[in-house]
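Working notes, beginning with the structure itself.
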Amino acid sequence: MQTKDSDRLRERILDSIPVGIVTYDSQGNVTYVNKVAESITGYNLDEIQSFQNINHVLNGDAEIFWKTLQSGQPFFGFESYCPSKSGIEIPVVTSTVPLLDDNNEQVGIVATFIDNSEMNRLRAVEEHASLILDHISDGVVTLNTEGIITGFNRGAEEITGLSASEVKNRKFEDVFPLAQLVLDKLHETIHTGRECKDLKAEIKDKQDRARFMLVSTRVLRNRNHTVLGVMVTFKDVTIQELLEEQIRQSEKLAVIGELAAGTAHEIRNPLTSVKGFIQLLDRKYENDAPEKEYFRIILSELNRVNDIIREFLLLSKPTVPNLRKIDINSVMEDIRTLMTSDALLHNIDLQFELSKTPAICEVDVEQIKQVFINLIRNAFEATGLNGKLTIAINTGMEECEICFMDNGPGIPKEVLSRIFEPFYTTKNEGTGLGLTVSYRIIQNHGGTILVDSEEGKGTTFRVRLPLARN
Ligand SMILES: Nc1ncnc2c1ncn2[C@@H]1O[C@H](COP(=O)(O)OP(=O)(O)O)[C@@H](O)[C@H]1O
Ligand SMILES: [Mg+2]
């Protein structure tokens, strides 16, 4: 009686555990099936027992079952499929352990399995979601409440140059230590729930290049409104930002150009007569008269005004240059002749690396020379005595690039953003027009001027000009 009761109790327990249980004897025949196993597979005990054999479990798994049966080695939690009456294979997580008798002799195996369909469905949803995320070109990063990166889509990989595997499970601030503005917003969102939209921020990519982003943050909550973390999205607007900057620059130039055209001549003409009269006056004094010094100063100041006007006038030059086809290498040869004595005077090591193939461009030679001289003068002024300037010409398929690499002090960031502005100068004697004029000229030639500069290392100006078509 006692044993009957406890048998029934045991059976009830085995049936109420939400795990399918099947036991096999040492020949691999089914000896026991619990109710859960019946409901998962849709077969009843008799039907399952009629299969009789371990081999009815799906192909690959049978091996594992036999292994446990023959060597007593258990296997835990392997994912597989179990046959069902409806013909659908049901995803399950299975474990097999040896079944021992009172003498610790193996008499069969116990296989337990849990229905894994829900897990598989979730996994499919997750895969689907990440597929969608990867097709968004914006960067999407998810963080948990500790600020640890839990998701990093392909857009984020492309924008930052970092791969998801190298940033996942790391703290956001360790991966992007310089994005302070974004970090502050993230903390704010995590701690106060305040979200931000389209905040403009600058981040550095793997090559240390500045990228401009519009950043938005969003609190991630589950169905019970518990905060799970934050989602940060960022849209790369670097190109738009650069274009806008160029437009601003061109607009400024256009205004200055008009101004120059209208006023420069008006100033220059009276200046010429003032200069003439001063020279006349100057002649009236003896060589040792103290007034002579005043005239010298007046004349030198007038010359300086004249220099400014001359550069200023360049800005108003007709926008259509006087074009002819010429090898930039030969233009550079002229420049070499012109600047070598200057370089010697300042004790500057001036090197030329001309291109092996001709760099034929259609340019206004005088204007292009003016640009090269401006850039060389700037480099000389930056490096001071004992500097070094290397000028290299390289030709590509569509354009040629003329690099001016100096080893001067470099340009601080706040200066760098302004050097092309008219009248912006950091020099006592500067006009702040050299680069403005150069920019305008190169722009009129369909080219670009780029600048890389690192403080303490030097500055490189790159002039790119389109090669002439045959
Ligand atoms: N090679 C260079 N190295 C360092 N700073 C430079 C260099 N070229 C230009 N700059 C900076 O850009 C500013 C503007 O140059 P520019 O337009 O030629 O005017 P200016 O030479 O009259 O100052 C300079 O005052 C200087 O601060
Ligand atoms: Mg200059």
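Cβ from N, Cα, C; glycine included.
Automated prediction, rather than curation, is the source of TrEMBL annotations.
Long-range neighbours of the domain 'PAS' (6-48) within the same chain, counting only residues 6 or more positions beyond its ends whose Cβ lies under 8 Å from a Cβ of the stretch, are 54-55, 65-66, 69, 82-86, 90, 92, 99, 106-115. Here TrEMBL flags 6-48 (among others) as domain 'PAS'.
Annotation source TrEMBL lists domain 'PAS' at 125-188 (among others). Summarising model confidence by region, the domain 'PAS' (125-188) averages a pLDDT of 87.
What TrEMBL lists as domain 'PAC' is 197-249.
The feature domain 'Histidine kinase' is assigned by TrEMBL to 262-469.
Residue counts for the domain 'PAS' (6-48) under DSSP, helix first, then strand, then coil, are 22 helix, 11 strand, 10 coil. Shown for the domain 'PAS' (125-188): DSSP residue counts in helix, strand and coil, namely 34 helix, 12 strand, 18 coil.
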